[in-house]
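Quick paste from Swiss-Prot:
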| type | residues | note |
| --- | --- | --- |
| DOMAIN | 10-454 | domain 'Hexokinase' |
| REGION | 67-203 | region 'Hexokinase small subdomain' |
| BINDING | 78-83, 228, 295-296, 332-336, 411-415 | ATP binding site |
| BINDING | 151, 152, 168, 169, 204, 205, 231, 256, 290 | substrate binding site |
| REGION | 204-443 | region 'Hexokinase large subdomain' |
């Protein structure tokens, strides 16, 4: 009897593995993704192909990195998800002559009606938060330089002027797309009239992360975010940035690689679960690469896999609870928690119980395998993108062996128990002639925006002299 049961369990797990095998990407697959990514990057940088390229390669107008000679108080704002952060950053000289960056910050959550109402409502809410923050720190009387981290696709015309191309990550505020974001912020501050600000720079969160990490490691020339969404930036040779005049030096380019796949480059790798996630998203057919990797979608992918296993009678005796059939019920943090389970399955059991399920030991093991399959594919898919960027940098610099540091931020990268190890190992396999160091950014996007502002202010002072 016991043998029969054991045999049945073994057969069940075997069938599960056959279904999950679709998530495995071979080295050849990753090399294919990498070379397609490089091709799209090239198309994004070139004037004649930029418009139709899926990877937009947006120039950021960030040309120089901080040298540690900027001092002063700066305010920075960070808008990139459902939370909005205001931060006071003091850049100064620390003990023993080294540079110090001190921060105080406060988080504000963005109400749904501000995210999906009008641009005026959204920016009025943002300026209300700034006003509240300045009151708390008794800084209303000071006109501070402000750096704005704005993590959406923007076509820059200068460091402090950028047009929003399109909202992502569930934002839909009308009247913002096609407009200068810094202008919308300045208008909202003017409408309030109870404080003054000098908006000197707007940067993407990847850029802010790179600049923030540059303070710790002078070889940091790539910034990457793996959180709600996924994106990267890097220092490109100016001669390759055809959208901006001039051939000298380097400029930071925001790849906006989340949109890779929008022209069919990923079609052969998309599974039925990806198509379902895409169809029920706020932006069907867009940001397909990001939807394979980002935390906004990872839990939902797992939920759809679990439903498939239930339908195949391989999980929960073929019966799903009402909660499990509800979109968004399996949160991305559950993926991290399931994979962090110590082996006694207690954590997995608790999560499944909250979803109205009564799992067996085998059920718990199968759910863990489903989570591992989805998150490992995300790490490997992401590694192909970064390897594409790094190999491109090495080739354009004609270096036999390139040493480079990548600054990384984002909840998936930081909080998932094995994402970063799987990701690092895969990137290194795909970049044999590079020595890569990864550093995690601390409060990266706020500090980074302030440091970009500090560089801009320093330059303005030098030009004025």
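Think of each number as a place in line: the chain as shown, counted from 1.
Backbone N, Cα and C atoms are what each Cβ position is placed from, and that goes for glycine too.
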Per DSSP, how many helix, strand and coil residues does the region 'Hexokinase small subdomain' (67-203) have?
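The breakdown for the region 'Hexokinase small subdomain' (67-203) reads 38 helix, 56 strand, 43 coil.
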If you skip the near sequence neighbours and keep only those at least six away, which residues in the chain come within under 8 angstroms of residue 81 (ATP binding site), Cβ to Cβ?
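Spatial neighbours, sequence-distant, of residue 81 (ATP binding site): 151, 169, 227, 228.
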Rounded to the nearest Å, what's the C-alpha distance separating residue 204 (substrate binding site) and residue 78 (ATP binding site)? Just drop the number here, would you?
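Each residue's Cα considered, residue 204 (substrate binding site) and residue 78 (ATP binding site) end up 9 Å apart.
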If one looks at the chain holding residue 335 (ATP binding site), which residues at least 6 apart in sequence have a CB under 8 angstroms from its CB?
298, 299, 302, 371, 374, 375, 416
If we check Cα distances from residue 231 (substrate binding site), which of the binding-site residues 332, 412, 415 wins as closest?
412
Can you tell which of 151, 231, 332 has the most other C-beta atoms within 10 Å, given these are the binding-site residues?
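Result for the most crowded candidate: 231.
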Tell me, how many other CB atoms lie within 10 A of the CB of residue 412 (ATP binding site), whichever protein chain they belong to?
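Cβ-Cβ neighbours of residue 412 (ATP binding site) within 10 Å number 27.
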In this predicted model, what is the average pLDDT of the domain 'Hexokinase' (10-454)?
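Summarising the domain 'Hexokinase' (10-454) by its mean pLDDT gives 92.
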Using the Cβ center of 151, 152, 168, 169, 204, 205, 231, 256, 290 as the substrate site position, which other residues in that chain lie within 8 Å, going by their Cβ?
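Surrounding the site, in chain order, are 80, 153, 206, 225, 229, 258.
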Given the binding-site residues 204, 228, which one is most crowded in terms of C-beta atoms within 10 angstroms?
204
Return one of helix, strand or coil for residue 204 (substrate binding site), based on DSSP.
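In the DSSP reduction, residue 204 (substrate binding site) maps to coil.
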Within 10 Å of the Cβ of residue 78 (ATP binding site), how many other Cβ atoms can you find? Include all protein chains, please.
26
Could you state, as a whole number of Å, the largest distance between Cα atoms of any two of 151, 152, 168, 169, 204, 205, 231, 256, 290, the listed substrate binders?
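Pairwise Cα check on 151, 152, 168, 169, 204, 205, 231, 256, 290 gives a maximum of 16 Å.
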Which residue, out of the binding-site residues 168, 290, 415, shows the minimum number of other Cβ atoms inside 10 Å of its Cβ in this structure?
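Across 168, 290, 415, these binding-site residues, the one with fewest Cβ atoms within 10 Å is 415.
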